Amino acid sequence: MERKVFSGQNLIWVMLLLVQLRGYKCCIEKERKALLELKKYMISKTADWGLDSVLPTWTNDTKSNCCRWEGLKCNQTSGRIIELSIGQTNFKESSLLNLSLLHPFEELRSLNLSGEIYNEFNGLFDDVEGYESLRRLRNLEILDLSSNSFNNSIFPFLNAATSLTTLFIQSNYIGGPLPIKELKNLTKLELLDLSRSGYNGSIPEFTHLEKLKALDLSANDFSSLVELQELKVLTNLEVLGLAWNHLDGPIPKEVFCEMKNLRQLDLRGNYFEGQLPVCLGNLNKLRVLDLSSNQLSGNLPASFNSLESLEYLSLSDNNFEGFFSLNPLANLTKLKVFRLSSTSEMLQVETESNWLPKFQLTVAALPFCSLGKIPNFLVYQTNLRLVDLSSNRLSGDIPTWLLENNPELKVLQLKNNSFTIFQIPTIVHKLQVLDFSANDITGVLPDNIGHVLPRLLHMNGSHNGFQGNLPSSMGEMNDISFLDLSYNNFSGELPRSLLTGCFSLITLQLSHNSFSGPILPIQTRLTSLIVLRMHNNLFTGEIGVGLRTLVNLSIFDASNNRLTGLISSSIPPDSSHLIMLLLSNNLLEGTLPPSLLAIHHLNFLDLSGNLLSGDLPSSVVNSMYGIKIFLHNNSFTGPLPVTLLENAYILDLRNNKLSGSIPQFVNTGKMITLLLRGNNLTGSIPRKLCDLTSIRLLDLSDNKLNGVIPPCLNHLSTELGEGIGLSGFSQEISFGDSLQMEFYRSTFLVDEFMLYYDSTYMIVEIEFAAKQRYDSFSGGTLDYMYGLDLSSNELSGVIPAELGDLSKLRALNLSRNLLSSSIPANFSKLKDIESLDLSYNMLQGNIPHQLTNLTSLAVFNVSFNNLSGIIPQGGQFNTFNDNSYLGNPLLCGTPTDRSCEGKKNTKEADNGGEEEEEDDDDEAAIDMVVLYWTTGSTYAIALIGILVLMCFDCPWRRTWLCIVDAFIASGKSMFS
């Protein structure tokens, strides 16, 4: 009997052991059903296009172990769910979360509902338990609600989760005062993250959260330093984040210096000013101190020498000036990251020192420190991962010893200095990022650069003076994704190894050099290449077959070379990824292929300055944002396709041979610049142009347009719309080269190197006539340029006074037309006008004296009209010379030499611009009436005199009749 009992006990223990070893086949059935109900609820809130991605491993299969489903973790003993994550769901709209769906998970310890961009929970509800719902989850310790659309309505629900120790609510953009008192029952809370939530006002009391060890209030709108006193009660606080708020004034030492347990203090991105508090040196437990991006000045306090635990110190982007000693860092044995820079050019960091560093840094970032020489302490570093010495006036040789002493160095940034000699180590190195752009380096690239630096991911050597050919060893850089050698003096043909070996290249920029020979003459292996910029070189011949192998090419710029051949044979027909194509100022010829403008993603096309001819294609891609088209300075003929007007954002067709009228088109609101200067367009200006409410630059000059100027042109927008700019833009399809490396991580702070280059950014340059010259506008000046040019046409009639409503207009040119009547006094509303040209017309009347109020007017030309009266004086009119008024003999006064003595001064002191305009028009009308009466009376008197002579018999009458008979006789003889 005892043996049977013993055997039975052994069997039970064996079964328990097997269960422990193998685990449960599935979670508890009750929780399985609850999970499926939760999934069903999530599906009901998800957009149709995201249904397949909703928890796909959560299946209604009894053989499936739900403890292995995504986002779950089970207790190995009980089989109950202890961790649940249901983020990454594509909701069709913001939705409430039904908390009752979570009640079956009785042992749940961690709940992650973070959106991470995708989720859009905006509230919580429970129709049965109400605000007490979360009290049912008695074991819940960690709750993550970050990156959603929650508001303050969730706080009463959270107050019931009394077991919480960690709560993340960041990135919900809640706004308003922080209702921390509504969390008074969370007495066990140790970590609270409220960052990036839009809170403002004062920082409230935290007296009921005495166990709090980590608090993050970063990226809110707190501004008062007084309320920081409320944080003093948190005596157990070890981590405090107040970065990116609006805190200003001196750093409150009575607050931070009393937090003796602080290990991490993040105050970056505020407006703190003054010197660093000496008492910060008493925080001997401090490991992380970030004071970057403030307005601090002074020097490092000597007390910092006592921060024995300090590992991370960032003082970058402040206002430090004068001599800056690094002596207080000498004994910081644990220091790993040191960052320092200044917005002031007066900072002079100590480079020569007698102390030997006791630390081994992984990050040494000292840009904008006016070093002059590399600091001595870097010589003793052997564990560096990142070194940034950019913008420091350093000269001489590139410091290759940094690579030799630090075999694990990943990032070396030396840009914007005065280095003259480029050297590399003799042994292979693991360097991944090398930036030596904007220096004074000459000579050639070392032949072995590809052998020594085979792991490079990013190399920028642009804006130097390199010469010679590119070394063939560069083809061994198999991992390189970004290579920029633009703005140098390289020459010769591109090495074949570069085109076949660097198969990881995403961006290749070789512009502004002297490279020659054909472009891409061979098949390449650059299948990952997205951006290829080769403009401003000496490339010749046709574009080679290698272009067809660039299957992912999106941006191709070969402008300003000597390329020949046909466009149709140069660009592959299957260039479906192409978004930017620039081949301007070459020798390309032939017609424009319709397939080119039909490429779906094409957003920027510049073929200007070539020998292209024929009709423009009518098939244009219907882009949501509009296509930017530059085809000026070619020989295109035929009509202007309506599809170009309907789908272009910028359309530049200047100096071609287009004919016909400007077609009627459907306004899509895309057009912002329309340049049709120098063609053979005829007909009237269509009123459809008035519907271009976003237009900024309109040039119809030097054509054969006739008719009147539509008054509705005052509907043209002269206000920069939201999101509309001309100086530069990135396409809606954006490709960039990114690189991210993490060098240090703490509770709320991550020190990482992030490199992102937006390869689609373009600086737009547009030519427009202003101030009597033809200028190119780009950059910031283009963003403020508004212009209307209708000059050199056959327009007639009056100048519409409504054009004065274009208050932001900077250039208006109506010269060389057939315009009559007077100059509208309403032009005085053109407050920003800089250039006003009305010359070579048939304008009459006076120059409105209200125009003297145009304080920005720099060029004013009304020459060769029929204007009369006294030239106004005052303001900018005192700066114009006689050339502005030539060909108007009835104008008098300064700056002409014609006296106005005896003429009535037409400047009257009246009350409004409209009344003045009526007065000017009346004066012009009176002049014409006098002219008509004078002419009529002259003819009447002459006729009466002839009749009188014919009524009396006198020698004069007989003589007159003889003359008439003679004319009649001669007429008969001529026609007989």
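A Cβ is built for glycine as well, from the same backbone N, Cα and C atoms used for every other residue.
Annotated features, as they stand in Swiss-Prot:
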SIGNAL    1-26  signal peptide
CARBOHYD  Asn75  N-linked glycosylation site
CARBOHYD  Asn151  N-linked glycosylation site
CARBOHYD  Asn185  N-linked glycosylation site
CARBOHYD  Asn200  N-linked glycosylation site
REPEAT    308-331  repeat 'LRR 9'
CARBOHYD  Asn331  N-linked glycosylation site
CARBOHYD  Asn416  N-linked glycosylation site
REPEAT    429-452  repeat 'LRR 14'
CARBOHYD  Asn552  N-linked glycosylation site
REPEAT    600-623  repeat 'LRR 21'
CARBOHYD  Asn633  N-linked glycosylation site
REPEAT    671-692  repeat 'LRR 24'
CARBOHYD  Asn826  N-linked glycosylation site
CARBOHYD  Asn853  N-linked glycosylation site
CARBOHYD  Asn861  N-linked glycosylation site
CARBOHYD  Asn866  N-linked glycosylation site
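Structure with Swiss-Prot features highlighted.
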| residue | record | Cβ neighbours (10 Å) |
| --- | --- | --- |
| Asn75 | N-linked glycosylation site | 15 |
| Asn185 | N-linked glycosylation site | 15 |
| Asn200 | N-linked glycosylation site | 15 |
| Asn331 | N-linked glycosylation site | 16 |
| Asn416 | N-linked glycosylation site | 19 |
| Asn552 | N-linked glycosylation site | 14 |
| Asn633 | N-linked glycosylation site | 20 |
| Asn826 | N-linked glycosylation site | 21 |
| Asn861 | N-linked glycosylation site | 20 |
| Asn866 | N-linked glycosylation site | 15 |
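In the repeat 'LRR 21' (600-623), the DSSP tally of helix, strand and coil residues is 0 helix, 8 strand, 16 coil.
On the 0 to 100 pLDDT scale, the repeat 'LRR 24' (671-692) averages 93 in the predicted structure. Asn151 (N-linked glycosylation site) carries neither a helix nor a strand DSSP state and counts as coil. The Cβ neighbour count for Asn853 (N-linked glycosylation site), using a 10 Å radius and every protein chain shown, is 16. Remote same-chain residues near the repeat 'LRR 9' (308-331) are listed as 263, 268, 273, 284-302, 337-344, 346-350, 353, 355-359, 365, 367, 369, 375, 377, 744, 746, 749, 751 (criterion: CB distance under 8 Å, separation of at least six residues from the stretch ends). Checked against Asn633 (N-linked glycosylation site) by C-alpha proximity, the glycosylation sites Asn151, Asn552, Asn866 yield Asn552 as the nearest. Asn866 (N-linked glycosylation site) sits 20 Å from Asn826 (N-linked glycosylation site), taking the Cα positions as reference. DSSP gives Asn826 (N-linked glycosylation site) a helix state.
Here the candidates are the glycosylation sites Asn75, Asn331, Asn552, Asn826, Asn861, and by Cα distance the one nearest Asn853 (N-linked glycosylation site) turns out to be Asn826.
Counting in whole angstrom, Asn75 (N-linked glycosylation site) lies 28 from Asn185 (N-linked glycosylation site) by their C-alpha atoms. Across the fold, the C-alpha of Asn185 (N-linked glycosylation site) and the C-alpha of Asn151 (N-linked glycosylation site) stand 19 Å from each other. With respect to their backbone Cα atoms, Asn416 (N-linked glycosylation site) and Asn151 (N-linked glycosylation site) stand 46 Å from each other.
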